[in-house]
Amino acid sequence: MKSITDSKDNENKKAIKFPINVKNVFPKHRQQVLNENGWGFRDCYFTFENDFLVLKGGRYEMCNKPLLNARASLLELLNADITNYKPTRNPVHNESDYPPRVENKTFYKELQNSKIEFSLNFDDRLLRCRGQASKDFYILRYGKFKRVPDIVVFPKSHEDVVMVVELAKKYCSVLVPYGGGTSTTMSLNYLKDEYERFFISLDTTQMNRILWFDKISMMACLEAGISGKDLEDNLQNHGLTLGHDPDSIELSTLGGWVATKSAGMKQLKYGNIEDMVKKITLVTSVGVLEKNFLVPRASIGPDFDCIALGSEGTLGVITKVVVKVHPKPTCKRYGTMVFPNFEKGVNFMHEVSKLTTRPTSIRVIDNVHYRFGFAFQHNRNFFGKFVDMINIFGGQILYRLDIKKISMTTYLIEGEKDEINEIESQVKRCGTIHGGIVIGAKYAERAYQLTMTNCYLRDLFFDLGFVFDSIEPSIVWKKCWSLIKAIEKSWKDEMDKRKILNVLAIRISQVYDTGACVYFYYGIGPTKDRDQFEVFEELTDTLRVVILNHGGCLSHHHGIGKKSLKYYPKAVSSIGVDVFNSIKKALDPQNIFDVGNFESDKNMTKM
């Protein structure tokens, strides 16, 4: 083992030239690569081919492989026949459909003098007026956005951001930081009835370098615009990992993770983003807020990093983050178990939460979720399908499992081989206590591979006439099952009353000593007499009320944005709102970062 005083380490450190320039997933004109009409990459989309649904493209393991079960499963789950399915191209949004762009030629000149790149192109600006909320998808198809930025600015460094913020302050502009654009809470949308202020979208994604890493102290300093996958791939090339793995990892950015207080699938081993952050650099309109030291822990009053964590673009621009890193794991193992029903699966997750050493990632899904997963499993070779049949029908016959009730858990364990063996044996023991049956690793491996492709499903469902969304409260274990049953009952009552095609699928995706994050995926089909999204938002409010009445928090990791804005005062109390407003006034007295998140909705238009 190398000593911290080993001079050879210094020699190795010198061999790596910092900063490391990372190949960027985001071009400045990101519509060249990304789908401006929905989620993900332009070259990936679902289509119907030779009687089977297929995800086109070459980025994912399931691409170009026919989905044998999709038609029958979607007919059963959604009453939707995809035989003639074709991807829908959204109506063109023309610049003439929107209020005239506010001009600021002096601002442009000052940017040019500082060699900071920018774009006035309408397509560039339109792409950055929104995120990936279901409301955004709906507007893309059937409406128009409230306000489009007047300019997109591409800083390449912390110093560039300082300059742009100073200019925004000088010209009393509105500045909204924009990273990967994966927000599902409308946190990036400008919804105010105000059209005179110059509106700047500050795209951070050209700030994507690894500034340094330290293998002795196990920390890395990264620019905030780096995407999650670019970050992880490059760290792993140097034998390191951050271990933050949200579903949006390909396109979400480090700065976005900090700004929304993100969580990832590997939370049990590596923690959530607040557990990884050691130092944040926040450019505010009154100066740069950051600690003047970098140590494991300090007791010198309130931690100002907590101001940036979860700030959702309201206080400044996150430019650099120092994070804790870990050695790249030498081994990984997947596993799958099925349970007779979802209640036993939930009880199993509670059992796992009591373990002192836990898997890296674990989740349990209900039966509807399981059947959706089955719908999107691609055709396998004969032997693979034969094994699947043995597992499924063997479980039905030998263990008397009802295929329409079973629940499934998948897990991932990373580390040394002996460590993995010990953790897996404990997980299996927890499973047997609650009637779990081991069915092998391949199911879990395929499920984790599907994670990045799941986001493309919403485009498919929208094209089939369904509106889909998710809500991910956290809840204590004592109330977890009662919340699940209350949501199911409330949803059923509403659907019985409204007579709408619908679906509700549930999973537990993160577990803690004291509770869990419960994901509710829900959707409705076409409505006859009323606007579909208006009905959908009423139903979303119904779910939120149930969650709040059970003591749950509305968001475990997506944030508040404007989607849940009206519930924010109740969540943090009137004093909490006053404290935030005081911080806002101190750091942004001119309201340059006027994105409207956490703000009273009296100045907002109806969403």
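Backbone N, Cα and C atoms are what each Cβ position is placed from, and that goes for glycine too.
TrEMBL lists 145-328 with the feature domain 'FAD-binding PCMH-type'.
Using a 10 Å Cβ-Cβ cutoff, PRO177 (FAD binding site) registers 29 neighbours. Summarising the annotation, TrEMBL assigns FAD binding site to 177-183, 247-253, 312-318.
ARG363 (site 'Important for enzyme activity'): 24 other CB atoms within 10 A of its CB, across all protein chains. Annotated site 'Important for enzyme activity' per TrEMBL: ARG363, in sequence order.
Here TrEMBL flags ARG458 as substrate binding site. A sphere of 10 angstroms centred on the C-beta of ARG458 (substrate binding site) encloses 22 other C-beta atoms.
Other Cβ atoms within 10 Å of the Cβ of TYR519 (active site, proton donor/acceptor) number 19 in total over all chains. As annotated by TrEMBL, active site, proton donor/acceptor applies to TYR519.
For ILE249 (FAD binding site), applying a Cβ distance below 8 Å and a minimum sequence separation of six or more within one chain yields SER227, GLY228, LYS229, GLU232, GLY264, MET452. Cβ neighbour counts within 10 Å, taken over all protein chains shown, single out SER183 as the most crowded of the binding-site residues SER183, SER252.
Counting in whole angstrom, ARG363 (site 'Important for enzyme activity') lies 10 from TYR519 (active site, proton donor/acceptor) by their C-alpha atoms. Rounded to the nearest whole angstrom, the C-alpha distance between SER252 (FAD binding site) and ARG458 (substrate binding site) is 17. Separating the Cα atoms of TYR519 (active site, proton donor/acceptor) and PRO177 (FAD binding site) is a whole-number distance of 28 Å. In this structure the C-alpha atoms belonging to GLY180 (FAD binding site) and ARG458 (substrate binding site) are separated by 18 Å. Cβ neighbour count for GLY313 (FAD binding site) (all protein chains, 10 Å cutoff from its Cβ): 27.
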